[in-house]
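Peer 1: Please find one structure pasted underneath; my questions will follow.
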Amino acid sequence: MTTMGTPLTPNATKVMMLGSGELGKEVVIELQRLGVEVIAVDRYANAPAQQVAHRAYTISMLDDDALRAVVEQEKPDFIVPEVEAIATETLVELEQKGYQVVPTAKATQLTMNREGIRRLAAEELGLPTSPYRFVDNFADFQQAVLAVGVPCVVKPIMSSSGHGQSIIKSLDQIQQAWDYSQAGGRAGGGRVIVEGFIKFDYEITLLTVRHINGTSFLAPIGHRQQNGDYRESWQPQAMSEVALQKAQQIAERITTALGGRGIFGVELFVCGDDIIFNEVSPRPHDTGMVTMASQELSQFALHARAILGLPIPHIEQFGPAASKAIVVEGKSNNVMFVGLDKVLEERGTHIRLFGKAEVNGHRRLGVILARDESTDKALAKVERAYANLTVKL
């Protein structure tokens with residue numbers, strides 16, 4: 001029988017979020033609904049999840065000593081990484097000391113960089129993937145591009161939201177792609193993956209939740225990206241039953257190998273009835289924000305239940321839904337949103353503003369959500385709502 005304490009008392013059940021972005025913010029809200037005391041950590045102050053947590057710390061999570069110190073000070077029942085840029089060796093050490101890392105320190109370590117997870121998927125599990133090479137210098141990079149062939153995709157082994165990613169369509173773009181990859185990695189310049197370009201019909205995120213009752217799959221999520229970063233998503237993505245079964249088999253194999261409990265964002269390419277593994281993140285996925293409109297239990301609520309060992313007997317879908325990211329470009333520390341009344345005037349439309357105070361370049365500041373009779377109608381609805389929004393920088 002699961003027992004929960006009360007926040008801010010000696011018997012509190014404590015969760016520490018490592019990374020406090022918009023996805024972490026929704027997880028914090030769901031945890032607090034279940035009576036959990038939450039501590040939010042990030043590299044900058046007043047990050048979205050820190051705004052709704054009981055306490056917050058601002059440290060470099062790549063600093064072993066700083067990370068260890070904040071964990072040992074708070075002594076959380078669960079440590080929940082929300083980003084890749086974390087000193088994972090310290091998480092392994094803390095797990096060995098008895099701290100519970102979600103889903104596991106191994107999963108966090110393997111998925112923090114593309115090399116670990118690609119070698120697990122392709123070389124250990126034998127899952128279908130694109131052809132690839134890993135390199136850490138320009139000379140080897142040139143050879144890798146020639147070996148894989150053009151077009152090909154270049155990604156730093158540690159990056160997110162499309163940072164440092166590019167497509168090489170001709171050999172005269174090799175230097176430009178290398179320079180961009182070295183500027184975009186989470187831990188600075190370094191190792192990259194060169195991937196063969198897959199001619200896929202579409203790509204999906206198959207959110208997979210490992211919990212005390214077993215493994216459950218959410219309806220597949222389709223999405224559109226721009227420069228490697230999510231812009232729109234919809235659920236469900238129509239696909240054949242054969243392809244869906246293959247996708248679920250791949251998702252179950254990779255998440256079982258990673259272990260632990262929680263939600264996993266499994267990224268897959270769909271080519272007819274064939275499925276090709278792309279990546280997996282052991283945490284909520286940005287494309288999964290659509291589940292805040294499409295499901296009774298969003299990916300964040302499911303993650304919270306799985307972390308705490310609470311049952312997930314059924315995942316009910318309300319119907320077709322879509323999401324559209326609110327992305328701006330510029331520089332400001334005084335962001336304002338104009339026209340929210342117009343955004344929300346249509347039935348079944350919702351908005352989430354993340355509370356990010358500063359913009360310096362491209363930044364995702366919120367998301368618009370909608371339900372309708374079909375995903376096409378839901379997408380049209382979020383587009384109409386988006387057109388009514390003005391962001392002043």
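Just so you know, glycine gets a Cβ as well, placed from its N, Cα and C.
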Peer 1: Check Swiss-Prot: it lists Glu22, Leu23, Glu82, Lys356, Arg363, Arg364 as binding N(1)-(5-phospho-beta-D-ribosyl)glycinamide. Then name which of Asp273, Asp274, Asp286 it lists for that same site.
Peer 2: Asp286
Peer 1: For Leu23 (N(1)-(5-phospho-beta-D-ribosyl)glycinamide binding site), identify the closest of the binding-site residues Gly164, Glu195, Phe197, Glu279, judging by Cα separation.
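Peer 2: Minimum Cα distance from Leu23 (N(1)-(5-phospho-beta-D-ribosyl)glycinamide binding site) across Gly164, Glu195, Phe197, Glu279 lands on Glu279.
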Peer 1: Could you tell me the mean pLDDT over the domain 'ATP-grasp' (119-308), as a whole number?
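Peer 2: A mean pLDDT of 94 is what the model gives the domain 'ATP-grasp' (119-308).
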Peer 1: For Lys356 (N(1)-(5-phospho-beta-D-ribosyl)glycinamide binding site), which of the binding-site residues Gly164, Glu195, Glu267, Glu279 has the nearest Cα in space?
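Peer 2: So, of the listed binding-site residues, the one sitting closest to Lys356 (N(1)-(5-phospho-beta-D-ribosyl)glycinamide binding site) is Gly164.
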Peer 1: Reported as an integer number of Å, what is the Cα distance between Gly164 (ATP binding site) and Glu279 (Mg(2+) binding site)?
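Peer 2: Answer for this pair: 16 Å between alpha carbons.
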Peer 1: Given the binding-site residues Arg114, Lys356, Arg363, Arg364, which one is most crowded in terms of C-beta atoms within 10 angstroms?
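Peer 2: Counting Cβ neighbours within 10 Å, the top one is Arg114.
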Peer 1: Using a 10 Å cut-off, grab the number of neighbouring Cβ atoms around the Cβ of Leu23 (N(1)-(5-phospho-beta-D-ribosyl)glycinamide binding site), all chains included.
Peer 2: 26
Peer 1: As a test of the contact definition, list every same-chain residue at least 6 positions from Glu279 (Mg(2+) binding site) whose Cβ is closer than 8 Å to its Cβ.
Peer 2: Thr111, Arg114, Ile117, Glu267
